[in-house]
Amino acid sequence: MTRQIPLLALSWLELIFFSCYYGGLAGLGYHSLWRIALRRRNVAPAIKSVLQTGRFADGTPLTRRYTNLEFLDKKLVPAVIFYDGLLTGACPLYRLLLVDIHSTMQAMALCMLVSTRSKSLSTISLLLPTFWNVFNQFYGAAFVYPLYLLLEAVTTGFNPLYPVETETSRSALLVSAMIGSFLPFTFLWPAFLRSGTESRQRAIALYRFAPVVFSLLQIVGEKVLGAQMIPQPTSQASPYLVAGCAATVGHWYALGGALGLAMRLSHRKGRLGALTLVLKRLYLPRSAEETTRLDASVLARAAHEFLQYDVLVLIAAYIPYAYYLLAPLNLASPFAMVVSLVLGTIFLGPGAVLAFAYRVRWHLAISD
């Protein structure tokens, strides 16, 4: 039995609004990532120096071989240069933001996968979420995800997705959500454990293949394991719940780490002042701070700022999208819903809010 919920068909005015908003947000994201974060603080000379000398400013060697395929390895070097300074453990704030943003992006990857599977069960259709996730790997979430949400808004009109037709596919989605939640740690582990330079940089490089691995998880679940070997989901929306919970854990880890750092500084600035300072350094780009020399922290600080812009743009993208997913359910007044989504973003994280919004919309729209 299906609960009848009024469908939200977008008017021309709404189409224009979403096109302008998410198109503009994508443009702002691209500008923030590639024209601000990576175009100052002597970032370009620092990258050029690493490429020419094969060493970072602190003397760390640059590994250039990851797959033994020269043409492919050349494409992976920029990611290694970008992330290496964030994973050395030099600054705990880097680790906290890495966990937060990558758990958020993994939740989005799951939302893309479920959306694709609800529309088509063909194996070839999995190229679509793979494309979007690879696109994100190379151009940044602040640019790519608003474009994806714009496309989803235009094509689905915020209507509930159709249920995935087969039990095998539904069960495989649940397994993909559970295993996929750990995918970011295949490259984040050097931030937690002592590792050699080569191991750390190879982990960074090979994580570029995570989108392909994530899609392969779904294929393996559907084609190889079989429905009888996979736990049956209790709800069509269970994968969203898993992804949202994983994103929440990542966000709570970042907030808990920030609170711990603030406690160490509280004797100098007071508890509230210390917490405010740590959260600003964790999430807000320090646009006024410029670097005038090529020191070892130039690239790491630029990469951290890059991820900070990712977080801010994703918040601006996810809150209105989640609102329009939930609005037809009439769960609360518009004002109360907006306040709830903002508070949810603060305390659960943007990735969790979007995944949970999808879950609530689908769970209430489709009776299992």
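Each residue, glycine too, has its Cβ placed from N, Cα and C.
Some features that Swiss-Prot has for this protein:
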type	residues	note
TRANSMEM	5-25	transmembrane segment
TRANSMEM	79-99	transmembrane segment
TRANSMEM	138-158	transmembrane segment
TRANSMEM	173-193	transmembrane segment
TRANSMEM	210-230	transmembrane segment
TRANSMEM	241-261	transmembrane segment
TRANSMEM	311-331	transmembrane segment
TRANSMEM	335-355	transmembrane segment
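Counting C-beta pairs under 8 angstroms (sequence separation of 6 or more), the transmembrane segment (173-193) fails to reach the transmembrane segment (335-355), with fewer than 3 such pairs. Taking Cβ pairs closer than 8 Å, the transmembrane segment (79-99) reaches residues 47, 50-51, 56, 60, 62-63, 66, 137, 184, 187-188, 190-192, 200-201, 204-205, 207-208, 250, 253-254, 257-258, 261, 278, 281-283, 296-297, 299-300, 303-304, 306-308, 311 in its own chain, all 6 or more past its ends.
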